[in-house]
Amino acid sequence: MSKTPLTAKAIDAAQPQDKPYKLTDSLTPGLFLLVHPNGSKYWRFRYWLNKREFLQAIGVYPLITLKEARRRATESRSLIANGINPVEQARKEKAIDALNMAAGFKKVAEDWFATRVGGWSESYAKQVRSALEKDVYPVLGKRSIVDITARDVLALLQKKERTAPEQARKLRRRIGEIFKFAVITELVTRNPVADLDTALKARRPGHNAWIPISEIPAFYKALERAGSVQIQTAIRLLILTALRTAELRLCRWEWINLEDATITLPAEVMKARRPHVVPLSRQAVELLQDQFTRSGYSAFVFPGRFMDKPLSASAILKALERIGYKSIATGHGWRTTFSTALNESGRYSPDWIEIQLAHVPKGIRGVYNQAAYLKQRRAMMQDYADAIDSILAGNGNPLEPE
């Protein structure tokens, strides 16, 4: 055995011979470079453990440098000193790496997706995949699901929450479902996302408290307890039209054209004291047609106790209180539900949304027009009503960003 330390210069100068030969390194006992007749050079480490000889493959030169080969051989010697076989240890680590690869977050998420997609509409499935690919996979996709902590997920959610709070809540639910799947399939022992809903900022209850569009199914179920069909219809119309509560309460049949599917509100009932044309979705028209059978003999769409008076200002809030939504939802809050869902979708001009709310956007040029963007707003309102129907049917929200 040579007592001369091996050098990179000597390795590079080593020429192939008719038979394989070794270049040993006196600084690292057991380490040698095997030079093959075809010119390839392989690092090997020979050692003895429990009176048996073993040969460990360390790598190919020059991919594995002399310095790196020495480091790896030294690590192996440390294992041997502790009674651990480096070859067996390498096999175990390779098996663990393979297991971690199989339990990579993206792989688990795709398996979860495959089990759920059969019950979803095509559009909803596309939304779920888009959210995963856009917001989740770039951060967590390549990591082993075993190593992902609640802190990791929270950092992802808080970043999303700064620009799209409702989307952050949806991501939390989806990531949580993926971890539930991982628990069921015994890849992890617990779901680190379980308590993160309390870590995100709560929607502030108050004067104009609102709920996201995703929570409408639970609300509609509770609404059935409101008692009065008229009150139920009024609240459903608030949701579908984004009208202010006062605008709906004071609405008269003479302002409604069911054939053209519009409500034309005069300036005197509008906050901005300008007339306002509201396009109606098919679902809103159907509700009004049904309401006409109850109140068509009154001037008001929603009369109060007396036929010549409108519904009282407190009627809707009292109904919400009766069904358990006090400080959770308000009549005015449905306007926030509407604007949040459409703005977050990214599909509609903010001007259309603002005009539908009877706001006058600062960026709109020219004189305010009561019927501005009517065609676009009509299509937008139909999309919104259809999205609510889709959510109620359990098919997800087609307005979610792609």
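Along the chain as shown, residues are numbered 1 onward.
Glycine is treated like the rest: Cβ placed from N, Cα and C.
What Swiss-Prot records for this protein:
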DOMAIN    103-183  domain 'Core-binding (CB)'
DOMAIN    206-381  domain 'Tyr recombinase'
ACT_SITE  Arg244  active site
ACT_SITE  Lys271  active site
ACT_SITE  His332  active site
ACT_SITE  Arg335  active site
ACT_SITE  His359  active site
ACT_SITE  Tyr368  active site, O-(3'-phospho-DNA)-tyrosine intermediate
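Structure coloured by features recorded in Swiss-Prot.
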residue	record	CB count, 10 Å
Arg244	active site	20
Lys271	active site	11
His332	active site	18
Arg335	active site	23
His359	active site	16
Quick note, His359 (active site) and His332 (active site): C-alpha atoms separated, nearest Å, by 14
Averaging pLDDT over all residues of the domain 'Core-binding (CB)' (103-183) gives 86
Rounding to whole Å, the Cα atoms of Lys271 (active site) and Arg244 (active site) are apart by 9
